[in-house]
Amino acid sequence: MADNAHLRGTGVVQQENNGFGPLSKRRGNTATVTSAIVFVISGALLLLAVRKEKATSEGIHFLVFTAALLTLSFVLGELVRRFCLVSEELKHRHARYQGNWKGVLKTTFTFDNAGSILVVAISSALTLCFVLYEQYEAFSGPGYPILFFLNCLVVPQLSFLVGLRQLSPVETSDLNEKENKNVADGLAWSYYFGYLKLVLPRLGDRIAESDTYRHKITVEKLFILLPKTCYTFDAITKADPRVKWAGKLPASKINRAGILERSYQHAVHRIEMPLPDGTVEEYHFVLEYATPLMSLYEMSDHAKAPLTGPERDHQVVLFIRKLKEILDDSEECRGKYELVPISGNDTNKIADVLVGMHGAASIDLEDETDEQTKQ
């Protein structure tokens, strides 16, 4: 059976997610693989070049010694650079770390791949010792210590001062996505824990309790509108007059955040689609906007919460992707929702999108019923 939670649509309205545009996927390991390929090719070319200039044994010793020297100096240079960071953190020791020296050092000298870095540093040091033991006279000249200290003390500080250590926008974006540090990640988690996790498991019961809509709502899911513009109308009928407000489901009353029997209530919307024979077919949906998107819209329009148009477009894509990941992993919510990305600019298209998704969901429901019957 097809995954009911997938973003879907049919026909003309399914042009790049209903006009929303492409939804990006998480970044993979292509950059790491490319770096490894460059490393291998460069190493091989250097080895060939050294072998042509010098005797094979001497050339290999030179290449190994220089690589170990530069690697060790680079690691030590990074430690020296981070020591400079400590000088700033000491000014905030009481406010940020409650006066804890261990906290200052931990946040400054923590490495994600500390084990690998330690192995590389020790291996480089042992390699230097071995090569010096084997050919001390060849590698004991004054040029090598100067090169070591330049690469250890001068170059790291210079690169830090001129900004070469600054992460690129791509790296910053990748880091934020991996560690859930984007604005969109926080909004998606808040939307889930503060609302969807509470109402989606109860949605079927609320529909069943409604004498008016229990037989009219044939797809028992919450349809969540996700406009790329992030602007949410106070009434969906303003975005598409064919989507009419029909009524409400019985409320779910939940004790939440000090409020006893807090009320959560879904709106039901009706769409009337004319058929070729002149009759009209009615569809009923439990439908609403994703309310956190309005926060993104207002942030992009507020001077003290600067969020440019391109940044907002990026965040809304991340919001949809993160929300889908969260809901797909939740047994309580899986199969009880449909994400409906739309452009937000084109009016009078929401009804077409919803009817197309209704048809796809109905087919999935029939397939599921047939499978259960066969079993």
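For all residues, glycine too, the Cβ spot is worked out from N, Cα and C.
Remote same-chain residues near the transmembrane segment (30-50) are listed as 59-60, 62-63 (criterion: CB distance under 8 Å, separation of at least six residues from the stretch ends). Marked as transmembrane segment by Swiss-Prot on the basis of sequence analysis: 30-50 (among others).
Same-chain neighbours of the transmembrane segment (60-80): 46-47, 50-51, 54, 109, 117, 120-121, 123-125, 127-128, 131-132, 134-135, 138-139, 144, 147-149, 151-153, 155-157, counting only residues six or more beyond its ends whose CB sits under 8 Å from a CB of the stretch. What Swiss-Prot records for 60-80 (among others) is transmembrane segment.
Distant neighbours of the transmembrane segment (114-134): 61, 64-65, 68-69, 71-72, 75-76, 140; these residues of the same chain sit at least 6 beyond its ends, with a Cβ under 8 Å from one of its Cβ atoms. What Swiss-Prot records for 114-134 (among others) is transmembrane segment, and it gives sequence analysis as the kind of evidence.
Annotated transmembrane segment per Swiss-Prot: 144-164 (among others), in sequence order, evidence recorded as sequence analysis.
For R256 (2',3'-cGAMP binding site), applying a Cβ distance below 8 Å and a minimum sequence separation of six or more within one chain yields L198, R262. DSSP assigns R256 (2',3'-cGAMP binding site) to a strand segment in the three-state reduction. The feature 2',3'-cGAMP binding site is assigned by Swiss-Prot to Y195, R256, R262, with similarity to another entry given as support.
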Assigned conformation of Y195 (2',3'-cGAMP binding site) - DSSP reduced to three states: helix
Where R262 (2',3'-cGAMP binding site) falls in three-state DSSP terms: strand
Residues Y195, R256, R262 [recorded 2',3'-cGAMP binders]: greatest CA to CA distance in Å: 12
Sorted by sequence, non-Y195, R256, R262 residues with Cβ within 8 Å of centre, 2',3'-cGAMP: G194, L198, I254, A257, I259, Y264
